[in-house]
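As annotated by TrEMBL, transmembrane segment applies to 12-31, 51-71, 83-104, 124-142, 149-168, 180-208, 229-250, 270-290, 302-323, 335-352.
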Amino acid sequence: MQPAVSRISSIDLFRYLTVSFALFSHTLLFLKSDALSGGDVILGLKSITRTATPALMILFGVMAEIVYLRRYRSDPDRAAQGMISRAIICYICYVALVVLALVFGHVRGGQAIRATLLVAPSPYANIFKIYTFLLPITLLLVQLRARTGLLGPWVVVAGIWLLDWIVLDHLPAPPVFAHFAGFLFGIGTSWGPSILHSLTLVVMGMTLGAAFFSPSRLTEKAEMHAARLWLGMATGLSLLLLGTKLGWFGLHGVLLRIADITQWRGDNDIGYYAYGLLSALGLLFLARSICIIAPQWVVTPLARIGGATLAYFFIGNALLLILPSLDWLPFWGKASFTVAFLVFCGGATLIWDQLRKAFPVLQTPVRVAQQMTGLLLGHRKSRTLSNP
């Protein structure tokens, strides 16, 4: 078992890498450098950027396991308040990005209103919408996990894919609220990963969190070993699925289906979720390697940014909505901008982290969300919770 400090650094580095990949992918979209032309090498590079969304969902599951499950076991009301208040904060961030998209001409008024009502997409904001829905739903998964171990959540995953195979995959997108049907249930080919199918990635993340980030208490070592068995089975099944698809489509066909978001991702194909688990394991290995090899002066600031991923992701996406178009830049200019942009977003996150600690008034939206949640849950007095 790794020491607690090393374990926390690994978690925060994993969070940093996951959100950085997401911002990198969004930056490519901003620079209009996301075309699918080119050979297998180019498609492979673009497939790497597609790790961002499933990795974010798996990261969500990791945090549900290592933060909210432990809160639930000690104080169920506190866990519920934490997850629902976090959902409110994510919705506030989402609405703020929709407003920026409207102000800077990325969407029209009608789409902005529909996006605010959660029935239409908005550029660079949709992950916050996904989290707004996933947090309350994941609270139910956390309750099930506490009562049944990992068996219950994995039974839910099996049920989701059985339902997909028997019903959902055969339903046409409805003429009204097509986006909402795709967003929630994966009906049609307009949205992926859907909220329902994303629970697969959340459970994968919970398993990953239990397998690698369990504390050293003897009472939880048995859970860690069981989680590693579940993770081994999920990894083996994912390798088998992708191997089968490689046999069907060849390397080029698989890379194209991963890189093109209208294919496996838009169709909520199980291959997308298998790839998501394997890519998240790769990011976790990279995070642990950096934690072991890199000097402390590199690890410490990256881990601090990873400890404030909501701010990091919000700042980056807000800037992409505010900045003027830079798609006219040559290749070297786009590459330089991407590196500088990620560094700037990281620096801005560190500054924000210091400011919110120095000036508690900046935490007012968080406290308001927690108080609202306390009232919704019927608590006489809400409690201030630290951010995961």
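Cβ from N, Cα, C; glycine included.
What TrEMBL says about a protein is an automatic prediction, not a curated fact.
Remark: the transmembrane segment (124-142) contacts the transmembrane segment (51-71), by the rule of 3 or more CB pairs under 8 A. Contact between the transmembrane segment (51-71) and the transmembrane segment (270-290) holds: at least three of their C-beta pairs are under 8 Å, each pair 6 or more apart in sequence. Here the transmembrane segment (302-323) has Cβ contacts under 8 Å with residues 8-9, 11-19, 22-23, 26-27, 30, 59, 89-90, 93, 96-97, 100-101, 104, 106, 123-125, 127-128, 290, 341-342, 344-346, 348-350, 352-353, 387 of the same chain, all six or more residues outside its ends. The transmembrane segment (270-290) makes contact with the transmembrane segment (180-208), as judged by at least three Cβ pairs under 8 Å among residues 6 or more apart in sequence. Residues 141, 185-187, 196-197, 199-200, 203, 206-207, 210, 223, 226-227, 230, 268, 270 of the same chain lie 6 or more positions beyond the ends of the transmembrane segment (149-168) yet place their CB under 8 Å from a CB of it. Through the fold, the transmembrane segment (180-208) approaches residues 53-54, 57-65, 69, 118-119, 121, 129-130, 133-134, 137-138, 141, 145, 150, 153-154, 156-157, 160-161, 164, 168, 171-174, 227, 230-231, 234, 261-262, 264-268, 272-273, 276-277, 280-281, 284 of its own chain, all at least 6 residues removed from its boundaries and within a Cβ separation under 8 Å.
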